[in-house]
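Now, the feature entries from TrEMBL:
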ACT_SITE  CYS259  active site, nucleophile
BINDING   CYS126, ALA127, ALA128, PRO129, ALA130, SER131, LYS132, ASP157, ASP184, ASP206  S-adenosyl-L-methionine binding site
DOMAIN    12-351  domain 'SAM-dependent MTase RsmB/NOP-type'
Amino acid sequence: MNLLPDDECDAFLAALKEPLPVTFRVTGFRTHTFAIMHLIRERYFQPFESSTTIDKPKELVWYPGSLAWQLNLSRNQLRSSTELQKLKEFLYEQTEHGNISRQEAVSMIPPLVLDIQPHHKILDMCAAPASKTAQIIECLHRDESNPIPSGFVIANDVDNKRCYTLVHQVKRLESPCFAIMNHDASNLPNLKTNDGNILFDRILCDVPCSGDGTLRKNPDLWKKWNPGHASSLQSIQLRIETRGIQLLAPGGLMVYSTCSMNPIENKAVVSQLLQTFQGQISLMNINDKLPGLRNIPGLKKVPKNMQSLVRPNMFSPSNDILEQLHLEQCIRLLPHHQDTGAFFVALFRKIDKTLDSSLSIQEETSQKRSAEENVFNEDGANFKRARYHRENPFIFFEEKDIKRFWQDISEFFGVDSSFPVDQLMTRIASDSGRNIYFVSDSLKEIVTLNQDRIEDTIDEKFNKFDKYIENSISIDDDNLFNK
């Protein structure tokens with residue numbers, strides 16, 4: 001497949017046969033972040049200093065703030081080593097408290113290149129299991145002087161069960177600035193605000209893929225893998241990526257990533273998107289954003305020995321078009337370069353023009369794409385009919401709720417009278433305040449303006465549809481008002 005130079009093949013194959021090292025990062029927006037990192041270095045890294053059999057922890061130099069580290073031992077070694085028992089228990093405990101995230105090194109890259117700011121509106125299209133979503137939330141809260149930023153992240157996943165995983169993972173960060181939605185990413189509906197449809201400043205598009213970049217942690221793939229897997233997934237990858245561009249604000253950034261080494265899922269998808277939205281999007285150089293990260297440029301051509309497996313739009317375009325696309329600005333990460341999994345990352349910028357994200361782009365792109373890949377259109381979408389699990393709606397506090405039970409709660413916890421009570425909500429009207437959720441004012445606007453509208457659309461077009469939005473802070477949490 002010409003994925004790497006011939007003289008690197010032995011090192012590449014040898015790395016694939018080794019277990020993946022343990023990597024973690026410290027949550028970046030907590031006031032005690034650097035105190036935790038100091039504690040880890042001074043106390044829990046000590047066994048590594050005196051050991052002759054275990055390598056010293058390695059800092060991921062490309063991750064900001066010296067907050068991400070790699071332990072050159074597998075998860076099984078970490079579990080079984082009595083010498084590292086205290087470190088293992090500490091990592092588990094702090095993960096539950098949201099102070100540490102166990103995350104594969106290459107998985108940390110996509111949120112970093114988006115340059116997320118506290119005011120950004122962000123969409124995570126295929127979010128589960130939430131490690132990247134958590135990074136995005138950390139970026140939103142990087143300004144400690146502004147505990148409730150105006151920005152937010154909407155995390156979506158098509159699998160209802162994985163949405164529950166999202167809730168469990170992300171609620172530990174105790175942010176009022178995220179919501180979770182259960183929908184097919186390739187057919188995401190337009191969400192409305194008082195100013196019109198939402199266009200997102202940043203979009204993370206980490207799509208489903210054949211996953212051959214995870215061979216080190218998923219050894220079963222050795223028996224199952226074949227190049228044809230990528231061909232079957234490329235169509236949905238392109239549809240998801242296309243919908244992302246339609247929802248991206250002019251001047252905004254979207255990152256496309258896979259844990260695959262196959263050019264059909266990487267180079268071919270990026271190439272097709274650039275040609276579909278010619279003059280409206282461009283590739284950005286990623287290397288400047290990740291100093292110290294070793295990688296190789298994206299491939300430009302599909303190898304001839306794969307051409308029997310691919311469709312026409314998976315072939316490389318002509319050389320004159322190829323030079324204009326600048327596919328070398330994508331990056332590929334291979335296991336033997338920095339002892340990681342394999343990964344692919346491309347960063348798009350939407351050119352700052354006056355564009356209609358819902359109709360004009362869809363009409364233009366639909367002329368360039370085949371009939372089997374129709375672009376999303378709310379007025380006539382070809383939705384798959386499916387059964388979805390229903391959730392109770394969110395109900396914001398009304399005056400009667402404040403008088404009925406909020407007064408007692410606020411007095412018990414000593415909540416200041418300036419607290420925005422109208423941003424509190426429950427799931428069931430008869431719940432009497434047993435479970436209370438708090439959201440930012442921007443998310444309240446989105447939930448209020450879209451809940452009934454989305455349910456009506458779903459009842460009409462889907463038979464049954466599950467919209468799952470969950471926000472983090474519950475009255476049951478011991479540390480609800482500790483900040």
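Every residue gets a Cβ built from N, Cα and C, even glycine.
Keep in mind that TrEMBL annotations are predicted by a computer and have not been checked by a curator.
Model confidence over the domain 'SAM-dependent MTase RsmB/NOP-type' (12-351) is summarised by a mean pLDDT of 88. Once the Cα atoms of CYS126, ALA127, ALA128, PRO129, ALA130, SER131, LYS132, ASP157, ASP184, ASP206, the listed binders of S-adenosyl-L-methionine, are compared pairwise, the greatest separation found is 20 Å.
In this structure the C-alpha atoms belonging to CYS126 (S-adenosyl-L-methionine binding site) and CYS259 (active site, nucleophile) are separated by 13 Å.
Ranked by how many other Cβ atoms sit within 10 Å of their Cβ, the recorded positions CYS126, ALA130, LYS132, ASP184, CYS259 place ASP184 at the bottom. Around the Cβ of ALA128 (S-adenosyl-L-methionine binding site), the number of neighbouring Cβ atoms within 10 Å comes to 22.
Here the C-alpha separation of the residue listed as 'active site, nucleophile' and LYS132 (S-adenosyl-L-methionine binding site) works out to 13 Å.
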